[in-house]
Structure formats: structure tokens, C-alpha cells
Amino acid sequence: MEETISLQDVFKLLKQKILFVLTAMLLGLGVSAVLTFFVITPKYSATTQLIATMPASDNLNADSINTNLMMINTYKDFISGNVVTEEASEKLADKTSFKRTAPEIKEMVTVEQTQNSQMFSINVKSENPTEAAQLANIVAEIFQKEAKKYTNVDKVSIISEADRPDSPVSPNKLLNLAIGAVLGIIVGVGLAFLSELLNRTIKSENYIVEELGLPILGVIPKLERKEIVTYRKEQERAFKLGDFYVEEDAYSMNNDLVDGLEQEANDLSSTSFERDFQTPNYFSENQEFSSEDFEKYRD
């Protein structure tokens, strides 16, 4: 039988599972917070800006300008090549206390270009802010010296040197926390719907009548938690006191146990309730027992 779900059913399910979804959201938020603040190592970024000019030409036109702009892509490959990275590795070890291999420097260095500009930037990311600034300046100096040997660039000028950064650029704490919370909500909602789809129990009387076409023979009333607690307290009190209870008390507790059911208790001679391994008994008013008889009966 094909089952359909309406928008009303969706909101009803979300309302029922709201605590579960909120718990999943808080869990996702907590995991992202732990990763952001305690696991992921902060990284710092230092940037130096350069400009490279080509030899002067008498015929300055749009094509020559476009050629100069396209040369920046060549500079990017040149900076990340072995000529620059290997020399940068040697100078970094000589001039500073940091040591990096050429492949490591290649991963740390990126070249960025401002749109439609002959100016470009050398950016270095490192877990140490001092290392990031020193390595950026070293790479810029090496490129300034070596570019003339391998390209037809006329002059490379360092516009601004890299300074030691004060704050990390990653991780983005607020973004990570937001992502963790959203992922938690998505997982919570998904699990809520999955549990509902896997739950094959009958949830309402309407399903039996409308979907299965079967008549309802009877309904078992739901016992509220308050009624269960009241009954257990009365039962414990009876067990501790070991006293006689009149028929009306037993009848009252029976009504608390089965809500809405009327029972005639006038003809009852006794009503018993079990608790653990002993069974306190409740006798009607017209029975006469002495304390000795009660002890014998209880034994």
C-alpha cells in the first residue's frame, strides 16, 4: 500500500522530535567547537606586493599591455618552481631559525594578481607568523633577482614588504561553528525521518479504520505518569505501615490505577497489591481481625 506524507505530517513529526533535533544541533556545534579551538592549528598569512615591468617599447598598444598582464601567469609558475623554492629553502635556513624543504615552501606560497593590474602579491601561510613574514620577503627577493635571468622582464620592484601578522587567517571560528550547527540540524532531521519510516507500529485509530478498513473493537486507556506515581506511593505507604485499609481506600487506589473504569467494590472482601516479595492486604471494614490474626495472615 502506497503511503503519502503531507506537509502537516512533516511539521507534526518535527514538533515531536524537536528535542532530538536540538540535541543533534548542539552535538554538531560542540564537535565543531572542539575541532576549531583545540584540534585545528591556526595559520597566519603574510603578503608582499611586487610589480614587474617589461622593456620600454615605442609602439605601446593594447596588445603589449595584455602581454604584460599575461606574463604574470608565467611569474606564478616561476615562483613555485625549483629555482625559487630551493634557493628559498637555503636562505630560510641561513637567515632564520626555520627550516623548510622546497616542496613544503611550494605548498606554503601562493601568487595572487589584482584584476587588470600588473601588480601581484606573494602570499605565504604558516603556523608561525614570524616564519610567514620572513619567507614571503625571501621569496620576493629571490624572484626579483632571478626573474631577469630567465624572462624578458626589465625590472621587478617590491612595492611593500611582508609584516608579521598579528591574528590568524584560519580557521574561521564563526563559520566553523555555523557549519557544525547546520550539519547537526540536518543529521537530526534526517535521523528523525528515518526513525519514522522504520517505525511500523500503528500510531492512530484513523490508520486502522481508513487505511486497513478494519473496525475498532476497543481502546485501552493510557495511564498517565502522575497516576502511576500516585499508585506507587500509596503502595509503598501500605507496605511500610503494615496497617489495615478500609474498602474505600482500596477502591480509590484502584480508580487511580485504571482511569475511567468504574468498579463495584461493595462486595469485595479484599483487594491485594503485590510489591517485591511481600503482599500487603487490604480488608473491608466489616471484617474483624486482631493484630495477632493479621500477623498470622501476613506470615
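Glycine is no exception: its Cβ is also placed from the backbone N, Cα and C atoms.
The structure displayed is predicted, hence computed values, not measured ones.
When pLDDT values are averaged over the domain 'Polysaccharide chain length determinant N-terminal' (3-92), the model yields 86. Taken from TrEMBL, the feature domain 'Polysaccharide chain length determinant N-terminal' covers 3-92.
Nonlocal intrachain contacts for the transmembrane segment (18-40), taken as residues 6+ away from its ends with a CB within less than 8 angstroms of a stretch CB, comprise 170-171, 173, 176-177, 179-185, 187-189, 191-192. TrEMBL lists 18-40 (among others) with the feature transmembrane segment.
DSSP places the residues of the domain 'Tyrosine-protein kinase G-rich' (144-194) in helix, strand and coil in these numbers: 29 helix, 7 strand, 15 coil. Look at TrEMBL and you will find 144-194 tagged as domain 'Tyrosine-protein kinase G-rich'.
Feature annotation from TrEMBL assigns transmembrane segment to 174-194 (among others).
What TrEMBL lists as region 'Disordered' is 276-299.
Annotation comment: TrEMBL describes 276-289 as compositional bias 'Polar residues'.
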Next item on the list: For the domain 'Polysaccharide chain length determinant N-terminal' (3-92), jot down how many residues DSSP puts in helix, in strand and in coil.
Entry: 61 helix, 11 strand, 18 coil
